[in-house]
Amino acid sequence: MAGEAQVDCVFCKIVAGEIPSTKVRETEHTLAFRDINPQMPTHVLVVPKAHYPNAAALAEADPRLAGAVLAEAGRVAEEEKVVDSGYRLIFNTGAGAGQTVFHAHVHVLGGGNGELHEKLV
Ligand code: 5GP
Ligand code: ZN
């Protein structure tokens, strides 16, 4: 069923506390944690706790939850103090675009000189 935890999903495991992560923010339906391989000084991932394979699928199934993820991304940017300098929100969708974890997530990237450490996050 849509939104159910997937046994082999790393972000479902992080949400469940089965894999440790550095938590930045948490709400009833979302979790924000630091990327294990940061591409900019601020590199936080915001996920819905429910499993959807990508951002578009999330928005189709639960637009309110998709909005909550985006709002949390904005709050992360405020707390990380990257609003004035600017920040990027990235949703890689599909393996060809660099998506490696098929649980919807937005990258919040900012700080430093604005350059990514690698070409793709
Ligand atoms: P994608 O490439 O799918 O857009 O982004 C997946 C991101 O998840 C990558 O930037 C990767 O570094 C991060 N990631 C993968 N596994 C883990 C993990 O176990 N913990 C954390 N904190 N980040 C992870
Ligand atoms: Zn998942």
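Cβ from N, Cα, C; glycine included.
Note: TrEMBL annotation is automatic and uncurated.
Marked as active site, tele-AMP-histidine intermediate by TrEMBL: His105. TrEMBL lists 10-118 with the feature domain 'HIT'. Residues annotated as motif 'Histidine triad motif' in TrEMBL: 103-107.
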Please list, in sequence order, the residues in the chain of the residue listed as 'active site, tele-AMP-histidine intermediate' that are at least six apart in sequence and whose C-beta is under 8 Å away from its C-beta. Phe11, Leu45, Val46, Val47, Ala55, Phe91
How does the motif 'Histidine triad motif' (103-107) divide up by DSSP, counting helix, then strand, then coil residues? 0 helix, 2 strand, 3 coil
With DSSP helix as H/G/I and strand as E/B, how many residues of the domain 'HIT' (10-118) fall in helix, strand and coil? 33 helix, 26 strand, 50 coil
Stretch-averaged pLDDT - the motif 'Histidine triad motif' (103-107): 98
